[in-house]
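K.L.:
Copying in the features that TrEMBL gives for the protein in this structure:
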- 253-273: transmembrane segment (TRANSMEM)
- 253-373: domain 'ABC3 transporter permease C-terminal' (DOMAIN)
- 302-323: transmembrane segment (TRANSMEM)
- 343-365: transmembrane segment (TRANSMEM)
- 392-412: transmembrane segment (TRANSMEM)
- 418-439: transmembrane segment (TRANSMEM)
- 474-493: transmembrane segment (TRANSMEM)
- 699-722: transmembrane segment (TRANSMEM)
- 699-814: domain 'ABC3 transporter permease C-terminal' (DOMAIN)
- 743-765: transmembrane segment (TRANSMEM)
- 785-807: transmembrane segment (TRANSMEM)
Amino acid sequence: MTSLAWRMLRHRPGSSAATLLALALGALILTAMGVLVESGLRYHPAPVRYAAADLVVARTDTTFTSKDFAGEINRSTVALPEGGTVPAALAGQIRELPGVAVAATDENIPVVTAVGVPLSGRGWGSAALTPAELVAGAAPQRGDEIALGGAEVGSRVDLVVGGVLRTYTVSGLVTGDAVFFTDAQAAALAPHPGQVSAIGVRAAPGTDLDDLRTRIAGLAGDAHVLTRDDSGLAESSADRAAAGLLIQIGASFGGYVALLIIFVVAATVGLSVRHRRRDLALVRAVAATPGQVRRMIMAESALISVLAGVIGVPSGLAAAHWLTGELTTRGFLPAGFPMLPGALAGPAAFAIVLASAVLAGLLAARRVSRIKPAEALGEAAAEPAGGGRGRLIGGLITLALAGSAALAAVAATGQTAMGAALGMLYLFVLAVSLLAPWINRAAARLLAPALRAVFGTSGYLAAANLRANARGTATVLTSLVLAVGFGGSVWFLQNNLERQAVAESRSGLLATRALVAPAGLSDSAVAALRAVPGVRAVTPVRHTTVLATLMGDGESVAARAVDPAGLASTVDLSVKSGSLAALRDGTVAVSRTQASMFGWDLGEKVEMRLGDGTAIHPEVVAIYQRGLGFGDVILPRATVLGHTATNLDDEILISAPASADAALRQVAAGHPGSALVDTAALTGGLARDLALSAWLNRMLIAVMVGYTVVAAANTMVMSALARRRELALLRLTGVTRRQVRRMVNAEQIGLLGTAVVLGGAIAALTLSSVVRALTGNLVPYVPPLGWAAVLGGTTVLALATTILPIARLLRVPPVGHIGIKE
């Protein structure tokens with residue numbers, strides 16, 4: 001049947017091209033997303049920082065354990081957002097083990113040059129773990145001496161370390177871009193006293209590394225003991241976070257896209273098979289068995305999908321390369337992150353597209369292959385009016401499930417509500433797809449008087465055709481509903497989140513000024529600001545991330561660490577229960593959304609982990625509304641001290657009269673790189689940061705909506721071009737070309753009106769559910785031209801993809817089409 005399938009494809013290039021386009025675009029998107037997932041899952045950087053170490057002791061992640069309903073233990077491992085630490089005293093215990101030649105501690109001290117170039121500060125003892133070499137001078141011996149590259153031995157260098165400008169003497173020149181302090185000075189400057197970033201071990205010659213690793217692991221507790229090949233995993237927390245981001249993007253978005261592609265492919269292949277009823281009926285009439293017909297259609301689908309894979313997979317690899325560059329340029333990925341070429345992603349996308357096409361062909365072939373040969377040609381003469389009892393029952397069940405998802409979305413909050421709303425969107429569209437024949441007939445009856453009143457005889461013909469061809473136009477209706485539903489919901493979600501975050505920040509900032517510095521601000525800046533006459537309150541703020549358990553998995557939550565003293569004078573979080581006056585070490589304030597999502601109540605001791613993996617159990621003393629503007633968790637600054645990558649603050653909020661501005665500027669001038677700004681600048685900076693992060697979401701959503709629009713256009717062009725014989729027959733019976741065009745316009749307006757009502761209702765319910773859950777607003781925000789763009793774009797799509805093909809058909813004399821193949 002393969003050779004016959006190939007001849008059928010050559011005989012019908014139009015429908016084959018439409019299916020090929022849907023499959024090729026699907027392969028492109030899946031391949032690009034697959035490259036992201038593959039690069040994240042197989043992330044394994046080569047060692048650079050610890051290239052000379054045989055073993056490295058470090059904590060790179062933390063594991064959450066839970067039990068499912070069956071009693072099975074599930075484990076969820078999450079990368080530490082602030083980087084993990086190990087006890088410095090562990091290095092002394094390791095040195096005492098037989099076979100250990102060197103056991104050096106390593107620190108990661110943020111350093112910035114006077115001109116703003118970031119460097120990595122380390123203790124000289126860790127130089128033995130690195131490829132760095134001393135090329136001139138000597139190692140640092142005093143606290144005011146350093147070794148680095150790009151300077152002269154004996155010269156004086158200004159560096160900002162710990163938020164303070166310090167002057168050091170260059171004692172030696174080294175290769176690389178690190179700054180080496182004495183070990184004692186590095187320990188004093190480290191942000192986590194008593195802890196170090198890692199311990200590197202060099203073994204004595206002839207030592208069994210596996211045995212040594214086992215003995216060190218017995219001392220290391222929950223820290224990892226990494227071999228040289230794996231030690232790159234301990235070097236960059238930014239790279240590990242980027243790997244997690246790639247997995248999250250590719251897996252979550254790719255999953256939704258896979259469902260969308262399967263849905264579109266099934267609709268396109270099904271429509272193509274229905275348009276070939278006469279050919280397939282003829283094949284059955286000449287004694288082809290049902291199995292042969294099914295195999296032929298499946299072979300056609302397989303051949304098209306193979307060609308689509310050949311086109312789509314290389315295009316997807318190119319798209320992944322472009323996307324990687326954009327993610328790096330916009331700061332989502334660190335420069336030099338190792339992206340893989342897609343050796344697994346390409347074949348996986350190819351397999352998904354192939355399986356989707358073959359399965360869609362099998363489902364589409366079931367009905368036509370079951371027709372008895374004697375009935376085949378008669379069956380092909382007209383489109384069946386009904387959709388079958390199974391389809392009706394399936395549609396009603398899906399509609400009931402969609403209603404249940406809608407209730408869950410309305411009742412839930414946070415990410416749970418978002419998941420339920422997106423599930424509801426898919427279920428409603430699937431229900432419309434299954435129930436489309438009955439929806440079309442009902443809509444045709446309801447719209448018949450209006451169509452006759454507006455379009456006269458052509459309107460009467462349009463209403464009659466919509467009723468008679470209710471099943472044939474089901475795919476068109478579904479495509480339009482999908483375009484309106486997606487375009488009107490997920491696209492506007494980001495607008496609502498950005499708008500709400502900026503509004504909360506603007507309303508909640510009571511401070512009049514803020515001191516900011518890209519390299520961070522030290523405690524000395526806080527003390528200097530508080531000493532300025534007239535200053536009412538000073539609130540240092542440090543941005544961090546905490547981890548909490550949600551349904552057994554570790555989830556990252558944006559947090560702020562603040563000094564509670566004077567907080568009420570600088571920030572209004574819109575507290576709904578409890579009081580921020582009770583915020584102190586051992587307590588926490590959480591947003592309403594986060595409290596609802598994690599099931600946290602006022603007065604409850606909750607379990608969470610700081611950014612370095614340290615477990616804490618603070619008591620919830622306040623639940624507030626403005627989580628989008630100020631983070632979902634507020635912790636006292638003392639709680640996170642020593643548990644973040646740096647002990648510097650990101651900004652300092654100041655409540656002071658305008659008369660204190662001159663003195664405040666003097667404080668800013670004494671801290672290099674800092675600037676005194678009004679709080680409107682903070683809100684503007686938040687808006688810019690949100691716009692940058694929103695680029696990724698909008699780009700991914702645009703891909704989904706764009707694929708939906710292309711699929712809808714594909715479907716409508718196929719449906720229009722399949723009406724050659726029908727329109728030719730009308731013209732031979734005396735209907736003019738103008739009347740035909742008016743009839744087609746009336747049909748499209750009827751279908752479009754139905755799709756807009758259904759798609760708009762689905763979009764409104766989806767968007768309002770998610771927005772209410774995440775922001776608390778009952779009515780979502782839609783940009784003034786937003787709905788106009790969605791409705792106008794859908795209208796242009798529906799009319800252009802139908803009127804233009806119909807106009808092309810009407811240019812051919814009707815006798816040229818009456819006997820033509822379908």
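Glycine is treated like the rest: Cβ placed from N, Cα and C.
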K.L.:
Take the domain 'ABC3 transporter permease C-terminal' (699-814) and count its residues per DSSP category (helix H/G/I, strand E/B, coil), listing them in that order.
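P.N.:
Tallied per class, the domain 'ABC3 transporter permease C-terminal' (699-814) gives 97 helix, 0 strand, 19 coil.
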K.L.:
From the DSSP assignment alone, can you count helix, strand and coil residues within the domain 'ABC3 transporter permease C-terminal' (253-373)?
P.N.:
98 helix, 0 strand, 23 coil
K.L.:
How about the transmembrane segment (418-439) with the transmembrane segment (253-273) - do they touch, taking at least 3 C-beta pairs under 8 Å (6 or more apart in sequence) as contact?
P.N.:
yes
K.L.:
Between the transmembrane segment (253-273) and the transmembrane segment (474-493), do 3 or more CB pairs sit under 8 angstroms, pairs being 6 or more residues apart?
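P.N.:
When sequence-distant Cβ pairs are counted, the transmembrane segment (253-273) touches the transmembrane segment (474-493), since at least 3 lie under 8 Å.
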K.L.:
Across the domain 'ABC3 transporter permease C-terminal' (699-814), what is the average pLDDT of the model, as a whole number?
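P.N.:
Across the residues of the domain 'ABC3 transporter permease C-terminal' (699-814) the model's pLDDT averages 80 on the 0 to 100 scale.
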K.L.:
At a C-beta cut-off of under 8 Å, are there same-chain residues at least 6 beyond the transmembrane segment (253-273) that contact it? List them, or none.
P.N.:
12, 15-16, 18-19, 22-23, 26, 29-30, 33-34, 36-37, 280, 297, 301, 352-353, 356-357, 359-361, 363-365, 368, 422, 426, 429-430, 433, 475, 478-479, 482, 700, 703-704, 707-708, 711, 714-715, 718-719
K.L.:
Take the transmembrane segment (343-365) and find every residue of the same chain, 6 or more past its ends, with a Cβ under 8 Å from one of its Cβ atoms.
P.N.:
19, 23, 26-27, 30-31, 33-35, 37-38, 258, 261-262, 265-266, 268-270, 272-274, 293-294, 297-298, 300-302, 304-306, 308-309, 312-313, 316-317, 320
